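Working notes, structure below.
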Amino acid sequence: MDVVLEVVDTFIADYAYAYFYPKRLAPYDFPSPSNTTDTSAKAFSTWIYKPATQFITLEPPEQAYMSSWDRDNPLRQALTLYLITWIFGLLVYFIVATLSYIFIFDKRTFEHPRFIKNQVRMEIIAANKAMPVMAIITAPFFLLEVQGYGKLYDTTEDGPGLWYDFFQFPLFLLFTDFCIYWAHRWLHHRLVYKYLHKLHHKWIMPTPFASHAFHPLDGFTQSLPYHIFPFIFPLQKMAYVALFVFVNLWSVMIHDGEYLTNNPVVNGAACHSLHHSRFEVNYGQFFTAFDRMGGTYRMPEQWMFERDMKMSEGRWKKEIEKVDELIEEIEGSDNRTYTDSAPIMKKTQ
């Protein structure tokens, strides 16, 4: 995350901190007004620029030396990392989910009997409520990494070797998928589900905007493996950034309702769609392996990959009977308001 922090510092944060929290220089440091230049501020600064990576060098602007909080100040780093986590997360969410919604998501889903009234708006509101809270909990992990407590490395020479530059990607996916599988199963425990995970299962027929529409502690629990990985295993800095972008893209993709392939290895959109409608199957994030080992794998049926078949009213009616049974069994009652203004089956507590 120090690479991202350096980019944000160079183009945004240096200017903001210089303006809102300028350095107060003693009068005797500058004997004449002509000497009170930005260059002089650099000369009197104790902060020395060190690139976060050898692959990118960004010369700091003069404003980098003009704040009482220089780039190494932990409070400044914590605040900036919090804002990066929140705002960058929102940007990725809105850009990717919007593109997926416009170009991929099948709008016939709106006609599904279990599509909630004003669902897209509700998903966006839920995501916007969750992200700033998640950012508060997540930022300390990024701060520890920036402070050098993790196992992030820059070049091949700094890491285990060239072989690991390639091996780190499947290792990251397998480790995080294993951890998320068990975290996800825990979130479905009857004592936990209604408090943390029920919100995300409100969306039986999710749209791409449902990807981050969850309780903040739910989102943090399932993202925790991503954050602890670089404290346990070495991870190259640029790979770290790429993987975090990827996991956010993947979260949107598995909620877009476009079932491209019935792959027995990959836990794609079809598998995750079954998780939303069948609740206690397909807990994995990337692969089906841990669901198979844990006895929770449900293979998508062939009709799900036939576009017209999966959008047919006959298929919908057949499916919602099972969905409603599961809602009653797991949640006790259904307080969702569907597009037809009321659930087909009324439930009692």
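Note that the numbers count up from 1, one per residue, in the order the chain is shown.
Backbone N, Cα and C define each Cβ position, glycine as well.
Residues annotated as domain 'Fatty acid hydroxylase' in Swiss-Prot, with sequence analysis given as evidence: 170-296.
Swiss-Prot lists 184-188 with the feature motif 'Histidine box-1'. Mapped onto DSSP classes, the motif 'Histidine box-1' (184-188) shows 4 helix, 0 strand, 1 coil.
For the motif 'Histidine box-2' (197-201), the list of distant contacts is 126, 187-188, 210, 213-215, 218, 276, 279, 331: same-chain residues at least six beyond its ends, Cβ to Cβ under 8 Å. Here Swiss-Prot flags 197-201 as motif 'Histidine box-2'.
Per Swiss-Prot, motif 'Histidine box-3' is recorded for 272-276, and the stated evidence type is similarity to another entry. Residues 201, 203-206, 254-255, 257, 259, 282-283, 298, 300, 304 of the same chain, all 6+ positions outside the motif 'Histidine box-3' (272-276), place their C-beta atoms under 8 angstroms from a C-beta of that stretch.
Annotation comment: Swiss-Prot describes 84-104 (among others) as transmembrane segment. Through the fold, the transmembrane segment (84-104) approaches residues 1, 4-5, 8, 120, 127-128, 131-132, 134-135, 138-139, 142, 207-209, 211-212, 245, 248-249, 252-253, 256-258 of its own chain, all at least 6 residues removed from its boundaries and within a Cβ separation under 8 Å.
Long-range contacts of the transmembrane segment (124-144) within the same chain, counting only residues at least 6 positions beyond its ends with a Cβ under 8 Å from a Cβ of the stretch, are 1, 74, 77-78, 81-86, 89-90, 93, 150, 199, 209, 211-217, 219-220, 223, 227-228, 231. Per Swiss-Prot, transmembrane segment is recorded for 124-144 (among others), and the stated evidence type is sequence analysis.
The transmembrane segment annotation in Swiss-Prot covers 162-182 (among others). For the transmembrane segment (162-182), same-chain residues at least 6 beyond its ends with a Cβ under 8 Å from one of its own Cβ atoms are 156, 222, 224-226, 228-229, 232-236, 239, 243, 247, 267, 283-287, 289-291, 294.
Annotated transmembrane segment per Swiss-Prot: 227-247 (among others), in sequence order.
For the motif 'Histidine box-1' (184-188), same-chain residues at least 6 beyond its ends with a Cβ under 8 Å from one of its own Cβ atoms are 196-197, 218, 221-222, 279-280, 283-285, 294, 296. Non-local neighbours of the transmembrane segment (227-247) in the same chain are 1-4, 52-53, 55, 92, 138, 141-142, 144-145, 149-154, 159-160, 164-165, 168-169, 171-172, 175-176, 179; each lies 6+ residues outside the stretch with a CB under 8 Å from one of its CB atoms. Residue counts for the motif 'Histidine box-3' (272-276) under DSSP (helix as H, G, I; strand as E, B; rest coil) come to 5 helix, 0 strand, 0 coil. Over the motif 'Histidine box-3' (272-276) the predicted model carries a mean pLDDT of 93.
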